[in-house]
Each structure stands twice: as structure tokens, then as C-alpha cells.
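Participant: Mind having a look at this structure? Questions to follow.
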Amino acid sequence: MASNVTNKMDPHSMNSRVFIGNLNTLVVKKSDVEAIFSKYGKIAGCSVHKGFAFVQYDKEKNARAAVAGEDGRMIASQVVDINLAAEPKVNRGNAGVKRSAAEMYGSSFDLDYGFQRDYYDGMYSFPARVPPPPPIALAVVPSKRQRLSGNTSRRGKSGFNSKSGKRGSSKSGKLKGDDLQAIKQELTQIKQKVDSLLENLEKIEKEQSKQEVEVKNAKSEEEQSSSSMKKDETHVKMESEGGAEDSAEEGDPLDDDVNEDQGDDQLELIKDDEKEAEEGEDDRDSTNGQDDS
């Protein structure tokens, strides 16, 4: 069995490669394709995809013989469209009766013709007056092949249009240089803005720290003043209470004088009473004496 390599881009491989379009790949397998095309020469590689296939021969004459012998043939109830990979057909007519995709796969089967268009458009630059080739029926393309087609299209353009490729590369290089300069300027501006913002943030932090220190100092001063005021108030209270007690103990000097005067009066009264009593006794004695005489 031949290998699966059918994507070499050298001129010899391109000219000895056969493209088979409108192939019913639900029925036709790789072994069937090799059996049909091996009669024209030795096959170096064969790859079957959804709706189409490639056959790589060792010699260009074998590939041309296969195109001449098999183009328009009915394979698995479909008329295949065969040509050299290096010489695609510009206008493909509706040779024979082709079955629609709805008949083959049902109404829900989706077709993707993008790979076939990209494959030929990338390799060849058609004149403006010639329309691009129409899509080949049942050319459903897998995602892996699409990525390969992007690489092949770039290679094809660089191989056949070297001057345009060089010009495009020089322009892209200049554009890249300009873009780099612009990006560099933008980055420097952003850096300056960031530095200024950082400086502003540092200033704000310093101011906030100063304000916090001032607030703390003010609070401490208030606390100290309030504590000193409380101490003074307590001292004054203590002094006032002590003075009241002293005054209560000492008493009023006027009251003492009054008390002394009252005591003197009482003594005088007592003395007067004693005198009167003595005088009364003397009178009695004198009257008694007179009576005795």
C-alpha cells in the first residue's frame, strides 16, 4: 500500500500528482483508488479525503496518462473530475449527471468547498478576466487539510510570484518597524504616567501619615489637659471639705462670748441670792435679840 504523503510542493511532485474530484468517498476507499490508478504506473502516495483524493506518481507521464484515461469516468455512481494538481481546470462543465449532496448524504449533510478553492487560488494567480474555478461537488474538507492548505498557498505564492513576495515582505518589514516605534512611544508614555501616579500616591500617603500623627498628638494633649483639670477639681474639692471641717471644729467666737456672758450673769445672780439670804438671817438674829431684852 502506498504512503499518505501527497503534499510535496516541488515542481516534479506537483506535475506528477493527480487530483480526483467529485469522488464518493463514503463508498470508495484508498485501496479502491490505488487499484484503479495503479495500472498507469507506480504510485508513490495516495490520500483520500471527503469528496476528493490525490494520487502521487513517480513520473509525470504516468500522471498525464491517468488523467487522460480516467477523467469523466463513472466511479461509485458519480462522474469523477480528474486533472493534474499542477494544472487545474479553469472552467469545469457539468460532465455527465452528478448526484446532489441531498441525494447522497441527506438534507442535513453540510458541504465545504473552501479547501478546493484555497488550494488552487493559493497556487496559481488567475487573470482578472477569468473567473475562479467553481466548487467541486462533495468536496468536504477536514480541518487539518485547511491548515496544510494555508501553508501550501503561501509556498505557492512565494514560488511563482517571487517579486511580489519580496515587495510584500519589504513593506511588511517597514510596517513592522513603524509599528514597533509607535508601540515603544506608547510604552514610554504609559511608563511616565505610571511614574507620575506613583509619585502622587507617595505624596498622598505622606500627607495622610502627617495628618494621623497630628490627630494623635491632639488627642494626647486633650487627654492630658482633661486629666490635669480633673486633678485640679479633686484638689479644690478636698481643700473645700478640709476648710469646712476646720471651721466646724473651731466654732464661732461670738457664740463663745455669749456663753461666757451668760455664765457671768448666772454667777452674779447666785451671789445676790446668797447675800439676800445672809441679810435675812441677820435680820432674824437682830429681832430675836430685841425680843430677849
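For all residues, glycine too, the Cβ spot is worked out from N, Cα and C.
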Participant: Can you say which of 128-176, 177-225 is given as coiled coil in Swiss-Prot?
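Facilitator: Result: 177-225 is the stretch Swiss-Prot calls coiled coil.
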Participant: Which residue counts does DSSP give the compositional bias 'Basic and acidic residues' (229-240) for helix, strand and coil?
Facilitator: 12 helix, 0 strand, 0 coil
Participant: When DSSP states are grouped into helix, strand and coil, how many residues of the domain 'RRM' (16-87) land in each?
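Facilitator: Counts, helix then strand then coil: 22 helix, 26 strand, 24 coil.
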Participant: How do the residues of the compositional bias 'Basic and acidic residues' (206-222) split into helix, strand and coil according to DSSP?
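Facilitator: Tallied per class, the compositional bias 'Basic and acidic residues' (206-222) gives 17 helix, 0 strand, 0 coil.
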